[in-house]
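Visitor: Would you mind keeping the following structure in view while I ask a few things?
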Amino acid sequence: MAKNDIWTPLESNPDSLYLYSCKLGQSKLKFVDIYGFNNDLLDMIPQPVQAVIFLYPVNDNIVSENNTNDKHNLKENFDNVWFIKQYIPNSCGTIALLHLYGNLRNKFELDKDSVLDDFFNKVNEMSAEKRGQELKNNKSIENLHHEFCGQVENRDDILDVDTHFIVFVQIEGKIIELDGRKDHPTVHCFTNGDNFLYDTGKIIQDKFIEKCKDDLRFSALAVIPNDNFDII
């Protein structure tokens, strides 16, 4: 469970995240590992890709790059983007999933009366900040998070986590980066369904991986429809 309101971080594990999603109330999506961002490796990923979840090491180069991007997004209209602020340390994995679910609800319905269904109904008209505060009080999500979180040998290790989850989604023909530490979403570029994965891969390569050449603690997951469900 949480220690001093600090959660134990999730792992970038497709099977674990799928089981976590099912218990939360979204069984129509699944996750597959992305092993690299050259076209040959991306060609192996089943289409259509709905989103990309990305885990990366936090460092000054990336923070500086992202701060620059943020300034370019101040005039964007984000009324059509579901967003939540992160206030709980190490909750970024769950925040990324909430961003995923919130922006794909029109295509992949949540299980009725599930934990997610109840949460989204409650926070639907709230600001991103109030949604983040509401998550702090949601014991159902917290308990499920810790049912599927990573294992740590020393509980004090959860204080020193320096990796972070974000998610990339396509909304109205644009690639949107959703990061709960930021004040608003980040718009990167125009794309389309066929090119979304490849365009997102280039963003990740240029704006994240190239900034951390000495630290290879990266992990990426493609989000695709579960074989048992059709897209609405």
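Just so you know, glycine gets a Cβ as well, placed from its N, Cα and C.
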Visitor: Examine the ranges 10-14, 70-74, 110-114 and name the one recorded by Swiss-Prot as region 'Interaction with ubiquitin'.
Guide: 10-14
Visitor: According to DSSP, which of helix, strand or coil covers Asp179 (site 'Important for enzyme activity')?
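Guide: The residue in question, Asp179 (site 'Important for enzyme activity'), is coil (DSSP, three-state).
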Visitor: Here the recorded sites are Asp33, Asp179; which one has the lowest number of other Cβ atoms no more than 10 Å from its Cβ?
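Guide: Minimum Cβ neighbour count within 10 Å, taken over the recorded sites Asp33, Asp179, occurs at Asp33.
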Visitor: Starting from the Cα of Asp179 (site 'Important for enzyme activity'), work out which of the recorded positions (Asp33, His164, Ser219) are within 10 Å.
Guide: His164
Visitor: So which recorded positions are near Ser219 (site 'Interaction with ubiquitin'), with CA atoms within 10 Å, out of Asp33, Gln86, Cys92?
Guide: Asp33
